[in-house]
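Taking it in order: structure first as structure tokens, then the write-up.
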Amino acid sequence: MTLRAAVFDLDGVLALPAVFGVLGRTEEALALPRGLLNDAFQKGGPEGATTRLMKGEITLSQWIPLMEENCRKCSETAKVCLPKNFSIKEIFDKAISARKINRPMLQAALMLRKKGFTTAILTNTWLDDRAERDGLAQLMCELKMHFDFLIESCQVGMVKPEPQIYKFLLDTLKASPSEVVFLDDIGANLKPARDLGMVTILVQDTDTALKELEKVTGIQLLNTPAPLPTSCNPSDMSHGYVTVKPRVRLHFVELGSGPAVCLCHGFPESWYSWRYQIPALAQAGYRVLAMDMKGYGESSAPPEIEEYCMEVLCKEMVTFLDKLGLSQAVFIGHDWGGMLVWYMALFYPERVRAVASLNTPFIPANPNMSPLESIKANPVFDYQLYFQEPGVAEAELEQNLSRTFKSLFRASDESVLSMHKVCEAGGLFVNSPEEPSLSRMVTEEEIQFYVQQFKKSGFRGPLNWYRNMERNWKWACKSLGRKILIPALMVTAEKDFVLVPQMSQHMEDWIPHLKRGHIEDCGHWTQMDKPTEVNQILIKWLDSDARNPPVVSKM
């Protein structure tokens, strides 16, 4: 029968070095008889302290003194003396903190899941009630999102190698034994699975195990391109709504804990445009709030043009923070979201912990030239003139939403729409294919998410962001001479042919603490086009410049 499920042990397989490998390493370091600590670990067999720990009958802090006593008894039997400073707690604290995700093994699991395999973790583990328990929580939180099932011995009251846990596994997978491959680093844990008819792989080193896994599955797992970062499934996310004024609410998706980071998308997009950044930033230790900007998705979309001027939008973002009890947040924007976050830094610097923009530069207002004059002088912005008349662009963009998003969401090395002479041509899509090919950046399922979102909101609200040029200019002129002094990041994309990198060349004159990132071979849709590079740049900057300062009570 064909394999269709892959099961991975945690300790020694998905996470290295194995925690319980510390027993042998400690024996060697302290010149103790070989096997002494392992004997103490297994003392009592099915009724012993370790089995009770793994079944969740006692916690790790309860187990530690029992293990200390077992070590003392075993050392007396062996007629050896343990060092005076011998501490099982210290030994296991260090071993647990040293354990990291085995990335090649995780990548193999991701590849198998992508190819249609059901994946699971089957682990003997414990209830961790130590002061240092957050490390295990972080490890499990990151791993869980990549697997269909997680079976923890301490939660189900069964342990490997007891036969019943393997039957429980098969019931959970809804699979027959011959459809399952199981990887573990302990031979005794593999035997019952093999006796049932599962394919088993003993993991002694990762490369050898993956070669064997390749062989039994027929799927290439080694020397493959690095996978895309973890994405978001909209139905699995936590969705929130904040009413910022009567009849206007903002929708957001939230993940993670730590300093707040507000992600602000551009036109014509969605919170979902940050789908590759949300898990990465959350895993890096931030509370991510990915916005549906006003006019989009599940946020309110009032029809009035003035509802979308920057002054109103920024005031509403401040109210959003107020309603969530956030004194400050990091603001990261792209496209129009980038424009908004620069305005937040200018007019509400006390509420902005740090600010970053992808593609959109900060350019101070020119009091001697209105923005419409500037746009008319630059042919690449001709499409923005086409967007000015209410109803015209809406009709074209809403006519066939699938065509709209497939035409717009293109990588820089694919055929892209020209933004020149849009008014003269009478539309964005004139002479473009009725059925555009799908970009390598997106899947059909992702395109359909945008289609469904814009069926709800339409394009009037999103286009109204373009129809406040004069209002935004007059407001911006109030900040003439003002500098942005908070931590800031500008990320340019080499092949964005509208927001070209050269537009950002004088930003240091106005933002003295500006840091920069640059992504080569990247077009306008930066988060989708180069998600790995975006994540690396953002996390490095956040960790160095955007961690919250200590909170001092004013009570």
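Every residue, even glycine, has its Cβ placed from backbone N, Cα and C.
Swiss-Prot annotates Asp9, Asp11 as Mg(2+)-binding residues; of Asp148, Asp171, Asp185, Asp195, the candidate listed for that same site is Asp185. Looking up Lys43, Lys73 in Swiss-Prot shows the N6-acetyllysine annotation sitting on Lys43. For the Mg(2+) site, the Cβ centre of Asp9, Asp11, Asp185 serves as reference, and the other residues of the chain with Cβ at most 8 Å from it are Leu10, Gly12, Val13, Leu14, Ala15, Ala18, Thr123, Asp184, Ile186, Asn189, Val203. Asp11 (Mg(2+) binding site) sits 16 Å from Lys55 (N6-succinyllysine), taking the C-alpha atoms as the reference points. With all protein chains in the displayed structure included, the most crowded Cβ environment within 10 Å among the modified residues Lys55, Lys421 is that of Lys55. Note on Asp185 (Mg(2+) binding site): other Cβ atoms within 10 Å of its Cβ, all shown chains, come to 21. Shown are the recorded positions Lys43, Lys191, Lys455, His524; of these, the residue with the fewest other Cβ atoms within 10 Å is Lys455.
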